[in-house]
Amino acid sequence: MGNISIRETWSREHSTCSFLYELQQNYTAVTEFFLIGLSHYPSLQISLYALCLVMYLVIILGNSILIIISIQDPRLHTPMYFFLGNLSFLDICYTSSSIPPMLVNFTSVRKSISFTGCALQMVISLGMGCTECVLLAVMAFDRYVAICNPLRYTIIMNKGLCVQMATWTWASGFLYSLLLTLLAMMRPFCNNIIDHLTCEILALLKLICGDISLNVFVMTVGNFFFLVFPLLLIFFSYVFILSTILRINSSEGRKKAFSTCSAHLTVVILFYGSALFMYMKPQSKDTKTSDELIGLSYWVVTPMLNPIIYSLRNNDVKQGVEKVLMKNLYLRRK
């Protein structure tokens, strides 16, 4: 019996050692990642560098202007523009976490990013993306209260509630992105070559050796709470908004009510269209070039268009820009 026990113990220990050895042979201790997205199209990378640089400058300028006028113009000290200022600041941070490193990689031969830098980029970009999903739903609720319950708008959407909603929106997005990033970065990696332009979560999961069922489960739950659920809230908000607008007797009143929502609705369609394509479609093992180009529109085009859409479709923003410009010109002349 003693000999059998010893043999069984030795057998278990030998099996454990063999498993650990095989696991060690199958994954690489990663200290950096190589981003090879679109690297097989060198001429396209040069064009994308120039295009992304121009668009990034437009993002910084346009969203900064929206933040400045929403602070300086007293007429824009309303919940709508408070959330719009949050959206503009979010877009600046979101694009700043991914576009500058991407521009460096476009002109770099090595195209690498450190392990810590990759994790930080993923936390910020994923957190900002999730925050924007919830923030757009909050903005839809604000428009619902303003149009469907205008007499109680200032009571319901008071300053305290707006600050609380914005705080929880930012906190939920970052907590989820931190959890998802930790779950991914703590796994063993088979290699350190990311077939993408940035440290994107779906591309990174393809490098993990072993079971990623927990990662997939957390991401599936997150997709519901940060994509599907906010989108349903936006949809039902606009169903009530549309029914209220159609009951307005004057055509001028209907036009004015719809104009306050059209900019937000356009941004929602652009943002959720690319986000749903990226995260809700079936994932193939190999990253396609079309996925990376769609990702560019998700990271760059939408944040660039947000201030343009709100400026073109909102008279208050136009007047605020004119007022700030005239004020600055007057001060300079003095």
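Glycine is no exception: its Cβ is also placed from the backbone N, Cα and C atoms.
Caution: TrEMBL annotation is automatic and unverified by curators.
Computed over the domain 'G-protein coupled receptors family 1 profile' (62-310), the whole-number mean pLDDT of the model equals 85. Taken from TrEMBL, the feature domain 'G-protein coupled receptors family 1 profile' covers 62-310.
Using a Cβ-Cβ cut-off under 8 Å and counting only residues 6 or more beyond its ends in the same chain, the transmembrane segment (46-69) has close neighbours at 38, 76, 84-85, 88-89, 91-92, 95-96, 99-100, 102-103, 106-107, 296, 300-301, 303-304, 306-308, 310-311, 317, 320-321, 323-324. Per TrEMBL, the feature transmembrane segment maps to 46-69 (among others).
According to TrEMBL, the feature transmembrane segment maps to 81-99 (among others).
According to TrEMBL, the transmembrane segment annotation covers 119-141 (among others). Residues of the same chain lying 6 or more positions beyond the ends of the transmembrane segment (119-141) and with a Cβ under 8 Å from any Cβ of it are 80, 83-84, 86-87, 90-91, 93-94, 97-98, 101, 113, 165-166, 169-170, 172-174, 176-178, 180-181, 184-185, 198-201, 204, 222, 226-227, 229-231, 233-234, 237-238, 264, 267-268, 271-272, 275, 298-299.
According to TrEMBL, the feature transmembrane segment maps to 161-186 (among others).
The transmembrane segment annotation in TrEMBL covers 224-246 (among others).
The transmembrane segment annotation in TrEMBL covers 258-280 (among others).
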| task | With a Cβ cut-off under 8 Å, give me the same-chain residues at least six positions beyond the ends of the transmembrane segment (161-186) that come close to it. | result | 79, 82-83, 86, 115, 118-119, 122-124, 126-135, 138, 201, 204-205, 208, 214-215, 218-219, 222, 225-226
